[in-house]
Each structure stands twice: as C-alpha cells, then as structure tokens.
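Below you'll find the structure, written out as structure tokens, and then a few comments.
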Amino acid sequence: MRKGWIWFLALALGLAWAQGQQPIKIGALFILSGNFAGYGKSGSQGAQLAVEEINARGGILGRPLQLIVVDDQGNPEVGVREARRLILQEKVNFLFGVDSSSVSLAVAPLTDEYKIPLVVTHAATPALTEQCRPYVFRTSNNARMDAWAAAALAATLPVKRWANIGPDYEFGRVSWQDFITRLKQLRPDVEVVSEQWPRFGSTDYASFITALMRARPEGVFSTLWAGDMVIFARQAKAFGFFNQVRYFVNPVGAALEVLAPLGKETPEGLLVSTRYWFLYPNTERNRSFVEAYRKRYNEYPSYNAQEAYAGIHMLALAIQKARSTQAEAVRRAFEADGGLVYEAPEGRKRMRPEDHQVFEGLVWGYTKHSPNYPFAILDRMRITPATDTVYPTQCKR
Amino acid sequence: MRLGLLFLGLLLLGPILSEYGLKLVSEALILGLYAMAFNLLFHQAGLLSFGQAAFFGVGAYAMALLVSRAGWPFLATLPVAVLASALVAFIIGFLSIRLTRIYFTMLTLAFAQLLYAVAHKWYAFTGGDNGITDLRPAGILGESLPFYYLTLLLFALGVGFLAALERSPFGYALRGLRDNRARAEAVGVDGFRHLLLAFVLSGALSGVAGFLQGALQRSVFPDYLFWTRSAEAIISTILGGSGVFLGPAVGAAAFLFLRVLVQANTEYWPFFLGLLLLVMVLFFPRGLAGVWENLAGWVARGVRRGAAGG
Amino acid sequence: MDLGFYLLQLLTGLAYASTLFLLAVGLSLIFGAMGIVNFAHGSFYMLGAYLLYAFSRGQAEGFWTGLILVLAAALVIGALVERLFIRPIYRRPEEYQILLTYALLLILEDLVRFLFGAGYRSLPTPPAFSSPLFLLGTPFPSYYLFLVGLAGLSALLLWAFLYRTRLGAWVRAATQDREMLEALGINVPLLYTGVFAMGIALAALGGAALLPLQAATPGMAVDAVIQAFIVVVIGGLGSVWGALLGAVLIGLLQAFGILFLPEMAMVFPFALMALVLLLRPWGLLGRPPAVRT
C-alpha cells in the first residue's frame, strides 16, 4: 500500500516534469521563395540563432523554445492560411517574423481572434502598430521612424531642392509623405522639385533618372530597396547621377541585401541607413553577436537577421517576465514599467506601451569602399537618437 | 441525385471536422465554386477567360468596402457583391466577347490587370496594398462551423444552378455555339447574347466566391484581382478535368490540399506545382476525372479478364 | 537645353524599348510560326542572365565569350525543351499550352533558386563601355547605345532571315499553312524545333545583355513574361515588326509619360494594351485571325 503511494507520487511528478518540458512553440512567417527570399532567409537564420542560444541556457521557464519557420511567399492570403495552420494544427504559442507589410496586416486580426500574440520583426508599415491591437508587437523600426530620422538628418544638410524616387506602393508613398511633411516642419524653406514613382520591381530606371536630373535637385530622397535599389544604383551611376546630386538619402539603402550584390559597384558618398549595421556599435555585445552569426552561417548578419534575433530575445524576456505564455500576461510584460527594454546587439530597444512599437537609435553613414570587405561600408557615421524618431500615437493603454 | 448525396455528405462532415479542417474545407468549397463558375465559360461556352480574378475580386471588395466603410452586416452585402461582379462582368464581357480565342483571353487578362492596378493605386477608396482588414463577420457567422454551413449552402446553390443550366436549352445553345458557332447561329441562336449572359452568370458566381473568401480570410487585398488568381481557376479546372461536371471543384480541393501539404514541409511549392502540371498536361489531359475513369476502366477490364480466366 | 533633354529622354525610351524587343520578339515568333503561347518565355530570359553570370564567373572581362556561350547553350536548351515538352502539345488547345509552359516557368524558377540562391546576381559593365559618352553636355552610358545597336541588329538579321532566305520563307509559310509545307516534303517538326530554339536564344540573349544593367533574381521571369505579353499583344501576336513597334511604344510611353503624369507610370502599359485590344484586337501590325468554320 505504501509502495503504491510512492509510485503515484513519482508518476504525478513525472507528468508535471513532462509538462514543464513541453516546448514553447513560435511559428515564424518569412518569405522563403520568390524575389525576396534572401530577406526571409536571413530573418529565419537570426531567429534560429537566438532560439539555439536560449535553449543552450536551459530555455525559458524551464521549457525549451521551438521555432517553426514557414514560407508565406509575401502573399497575404498564404500568410493567413499558414498562420491558421500554425495556430490550430501546430498549436504555436506565438506568431513571429513577417517580411511583407500586407502579410502583417492580414495576419494581425488573427491575434484578436485566437489570442495568440504576434511579434513583427521586419514589416514596416506604420499602419500595423497604429491599429492599437492588444497582441501585436513590433520590435523593429517602422517606415515612419526611418522617414523621421531621415528628415532630422536632412534638415542639417545644406539642401533646399529635394526630389523623390520611390517604389509605387504604400511603403514608398507613406515614407515620402512622412519625410517631406516632417522636413518642412523642421526646415520650412525646402521645396520639392520632382517626384518619380517607378513600379515596384521595375528593371529600367533610365527615363526616371534623366527626368530627375533635369529637375536639378540638390538632395534626393529614396526608399527603393531590394533589387530595385541594386538596379537603380547601377543605372544611376552610369548616368553620372550621383555626381550631380549632392545628397542621396535612403533610409533602407545600407541593407546588406543591397550592398553585397552591388559589391565594388556601389557609388561612394550615398547617405544611407539600415535598421542594423553589423559594424555598429563597436561593443563587446555586438562583436560577439556578429562572431556567433558568422560562425553559424558563414556570412555577415544583415539587418533582418539581427532584428529577428533581437525579436526572439525580446519575446523571451517578456515571457520570462510574465512567467507565462498567456497572451494577456505577455502583453502586460511588454507594457509594464514604461515598456520592455532589451539591450540588443544594435543597442537599446524600448517598447512604447501605447502602440507596442519599439524605438531605437538609427545609424547613418556615407558609403565608402574598404579593402577589408567585398562590399561598401558606412563611413562618417551619424547616429540619429531614438528621440528623433518618436512620432505621436493615437493608441491608448 | 449524386449531387444531393455529395451535399449531404458535406453537411454531415461539418461537426466531425476540427476547426482547422473546417477552414480548409470551407476554402476548398469557395475555390471550387470559383473554378466551377470559370468552367461554365470554359467548358460550356468554349471561352478561355484569363480575367476571372476581376469578378472574384470585385465581389470581395464590394463586401469589404460595405462592411468596413459603411458598417453593413456581412450577409446584407451578398446581393450587392453579386450585382457588382455581374455588372463588371457585363461591361468586360460586352467588350471582350467580340474577340475570339487568344485575343479574348488576352483582353480579359488586360481588364483584370487594370482593375488590379486601380485597387492597388486608389488608396483613399480601396486602401491600396494595405488592403481592407478585420472582416470577421459579426455574430455567429464569425465562428467556423456556421460559416462552413453558409459556404456549403452557397456552394450547393451555385452548383445546383450550374447543373440545371447545363441541362437547360440555354446550356444546349452554349455548347452548340462552342462546337460550331456558324451553325448554331444559322438555326437562330443569338451568339453574342448567349455568350454575354454566360459571362455575366460566371462573373456573378465568381463574385459570390470572392465575397466568401474575403470573410474567411478576414481581409481583402489587391492580390484578389491579380492574374495568378485567374490562373488558379484554370489550374483547378484542368487538374480536376473540365469535361466532368464536378471536375473543377475536385481539382480545386486537390490543388488547395496539396498546396497546404507541400508548403508545410518545403519552400519549393512552385517546383511541385510545376511538376504536377507538367505530368497532368502530358499524361492525364482529362484531369483527375480522367485518371479515375482510366483506373475504373482497368479495374473493370481486370475483373472481366479474371472472370473469363476463372 | 530642353530640346537636348527631350533627345535624351528619347534615347532612354529607345534603350528600354530595345530590352523589351529582345525579350518579346521570340515570344511573337514562336506564336506566329508554331501557334504556341509560351508562358515560359520569361524563364529563358532569366536563364540567359544567370548563364552569363555563370560563364563569366561574375567578371566583366568574361562578357563577350560568355555572351557567345549563352547563345550556344540557349539554342541547345531551346531545342531540347521543344523536343521533350512542346512537341506533344502542338495540336492541343491554348489552355494546355499555357499550363504546360507555366509549369516550365515554375520549375525553372525553383531550379535557378536551388542552384544560384535567392540573392541578386549581376555583372559590371564590360570594359569597352565603362565610360559614358557626352551628348549635348550630358553623360549618357555607352552601354545603352550598345543595347540599341544589339536590338537593331537582331531585328535586321531576323528580317533578313525571314524575308531573304528560303528557310525564312518556310517559317513564314508555317504561320499560314502547315499542311502545305508538309506536302512540299519539308520536315516541319525539325523546322519547329529550329524556330523555338531561335526564339529562346533571342530571349536568353536579351536577359544576358541586360545583366550589366540589372540584377538577376529567380523571380524575374514572371515579371518579364507579362511585360513581353503586353508588348506582343500591342504590336500583334506573331508579328516581328509588331514586337518592335510595341516595344518602342511602351518605351517611349514610359520615357515621356512620366514627365507629364508621373503618378501613372504603373498603369500605362496595361491601359495601352486594353486600348489596342479594343480598337484593333489583333494588334497594330498583326493580321486578323482567319474566320474559323
């Protein structure tokens, strides 16, 4: 009889232990096929590295993390279908990642429906966090912050005549609107001399380049990114565009996904930024991250890799603080004490409790070639402090 | 009779399915209705439309705009969605049907792409590529099982209507036009009006599918009007077999389930789809229905031979 | 000053037109002679770019030999694809042709992604064209002029082939009456293989020639084939001159359209295509389809 009691206790303890060992499941949506697969690949690599680090330390709440990465093809419908499969079939506790803005907006309503938090690490439309959803968090910059940082920087440049060339969709449009509105607040004397809107995914920019040059702008703002920026930069350089235009300002131009394929062809002296630049800041924290990433994947971490890496760590921090994976508890952990703070390789990330948007400093620099790297790096770096990017929000908590 | 059994089976399937299963089967029914609507044009009338996405998208956007901008209840938007897609089909059909074969195909494609560009660029009205989100129907239809039954009901009505149409004089007239337009017109069939009516009916049914898909997905995006959506109708139809009445619906279900299955395990879905299409076109041009008939034929022959041998 | 600018804009439009022509003319040729709607056409354009990248090992010095190797490889690939996949579907309706060639497009896209990765690949401008010309005081990249020349030369050679050689006459005859050619004892299947390989080689040449100005990605094929369809539908399916006219129209529409309606750059091509289809469905230089009985 006594023996039976011990067996029962052992069984119960075993069950409890097994329960505790159940992994915390994170379902990540990235673009793994098509034109932007490079971004999704580096994002999933960064997230995977963070998961491995955390598990090596014994996981969170004594439970290991499990990352399930799926391809959303950058298509909102596929994104919703896959997010539902992750929630209902894979029983994930969190949704994560998302490269495309439209996918992020499509998936966001599911967080209310299923009470599953979504941590976004790439999609940059300001609309996502302006919807004030309780379980949507963004741990990376959005396009408005980038545009405001660019405007703060542009206001210090000796430029009055501005022009724009951006991809013809929401991101390009909103970025330019935010940039020029903000710049006119800071510098009422600036004027706009030309706006060009090539189709997203264009392959021929010659006519746009000559039309821009004809307007004789002193500064050109651009949000061309990915292949568009690669192609534009090569064609514009051939036209001598960068000799005529003194300042070419692109808040997404220093992505490794752009600079690496351009290689030694990158024009020098472009004033560009990116959400994370692997050589900044020169801290032990950042150096060890770059080292670990290179050791694991044999390449330098791009901004998307670092943002996904930081996103996993920040989510883990929130779970730790909440001592739970429940959506409501995690939300409170993100919001508490003026917003969760995380020291990422790129520096401090602080979440604004009202709209769940992280704010952080931004690094800018002029492109310059270096014998040590096969691509251009940032020179004469200029840091926009986080405070310069803090725009007002309508959300309330 | 067989259709009735199918609907009954789907009716009984509802409570057994998991939540995720309900979503998947609902989506398969929606895609099936869409492909069946396409096949009305394709098989009955012999018109290859590469712009079917236009009507699917207009149905979806009509629902989404009324729900999110005007605050209409979800179900109340159904008549408007049907009318809107029928109207767009009337205009596009009126302009396209005069053309034949590949020119008809290309013009329908061009119109659908123009609508796509409008949805993509007209931010103030359509929300551009940010789409329209939060379209979960209020009340009970926001739950999976009731929504499944609504989808099933509309699917059954649509398919029943198509079945009746096929056996009606109108259906005979369409097939007559398809096989030999000159002869059909010689016996007094007005080709243009018949084809235009078929086009409008096909568009309206595609609009119903779009109306349902927007609510199931909780959002509507310009992708609903993109040419790849039109390609889905063609792929489903050829996959299932255009010559068999329910072929497109079977093809749609197979297409969707395969896609989910492959996508869950690899990022090489395009490759698998390409391989599948290649094999189907080269070896099974009559689609899954053809495969089934072949199999049945072999089995029957095998049985006969076995009986003869025994 | 302004006249100079419009001249410049004309040149950029023509340069764009040249790339569109190289991309689209093979599509038109294949449809005209064989009646095949080749949705995979953009894939061979993509393949041309990737093959040049591979043959030149990413070095500008390898451009010329690479270009010749691409042409040779594309001819072989085109012939193989025709034999293996296209031949079984000649007599099948358009939808099977569209689906089969769409299948090829999907497979090639993933194959390239598997072999080369998803990143962007490009090539520096060949040394001969590295410095710009100066037109009325404005620098103009000489490589664009090379492109215009290449497209012009291709058009000329194609014309000479179609209208000045017996083989070309057969190809033109194939658009009219296949049975008649067979009755004359001409090996029509072989002729078809040749036409298909030629069309593919032109697309590959276009993709390769553009590599120094662009960046190749696996997804470029879909975009390219849609552009190509717009061009040939405007010019007239099956017409070589139509492809040229369609390309020039689209190129100039972009170059000058953005000066007056910069907002609408994205809509121009489809609007023009729909307009042409409404007013002259068989394209500006196409022939109306024969009435079927």
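Including glycine, each Cβ sits where the backbone N, Cα and C put it.
Keep in mind that TrEMBL annotations are predicted by a computer and have not been checked by a curator.
Annotation comment: TrEMBL describes C:6-29 (among others) as transmembrane segment.
Marked as transmembrane segment by TrEMBL: C:36-56 (among others). Counting same-chain residues at least six beyond the ends of the transmembrane segment (C:36-56), those with a Cβ under 8 angstroms from any Cβ of the stretch are 23, 26-27, 30, 62-63, 65-67, 69-70, 73-74, 77-78, 81, 86, 89-90, 94, 97-98, 101-102, 104-105, 108-109, 112, 115-116, 121-123, 196, 199-200, 203-208, 210-211, 214, 216, 218, 220-228.
Under 8 Å from some Cβ of the transmembrane segment (C:62-86) lie the Cβ atoms of residues 34, 36, 40, 44, 47-48, 51-52, 55-56, 100, 104, 123, 126, 192-194, 196-201, 203-205, 208-209, 212, all in the same chain and six or more residues away from its ends. Positions annotated as transmembrane segment by TrEMBL: C:62-86 (among others).
According to TrEMBL, the transmembrane segment annotation covers C:98-123 (among others).
The transmembrane segment annotation in TrEMBL covers C:143-163 (among others). Listed as Cβ neighbours of the transmembrane segment (C:143-163) (distance under 8 Å, sequence separation of 6 or more from its ends, same chain) are residues 11-12, 14-15, 17-19, 21-22, 25, 29, 125-126, 129, 133, 169, 171-172, 202, 205, 209-210, 212-213, 240, 244, 247.
According to TrEMBL, the feature transmembrane segment maps to C:184-205 (among others).
Residues or ranges marked as transmembrane segment in TrEMBL: C:225-253 (among others).
The transmembrane segment feature in TrEMBL is assigned to C:265-283 (among others).
Counting Cβ pairs under 8 Å that are 6 or more residues apart, the transmembrane segment (C:6-29) and the transmembrane segment (C:225-253) reach 3 or more and are in contact.
Using a Cβ-Cβ cut-off under 8 Å and counting only residues 6 or more beyond its ends in the same chain, the transmembrane segment (C:184-205) has close neighbours at 22-23, 25-27, 29-30, 33-34, 36, 38, 41-42, 44-45, 47-48, 51, 67, 70-71, 73-79, 81-83, 86-87, 90, 150, 154, 167, 170-171, 174, 178. Long-range neighbours of the transmembrane segment (C:225-253) within the same chain, counting only residues 6 or more positions beyond its ends whose Cβ lies under 8 Å from a Cβ of the stretch, are 10, 13-18, 20-21, 23-25, 27-29, 31-33, 39-43, 45, 105, 151, 155, 158-159, 162, 175, 268-270, 272-273, 276-277, 282-287. Outside the transmembrane segment (C:98-123) by six or more residues, the chain places 36-43, 46-47, 49-50, 52-54, 56, 58-60, 63, 81, 85-86, 89, 211-212, 214-219, 221-222, 225 with a CB less than 8 A from a CB of the stretch.
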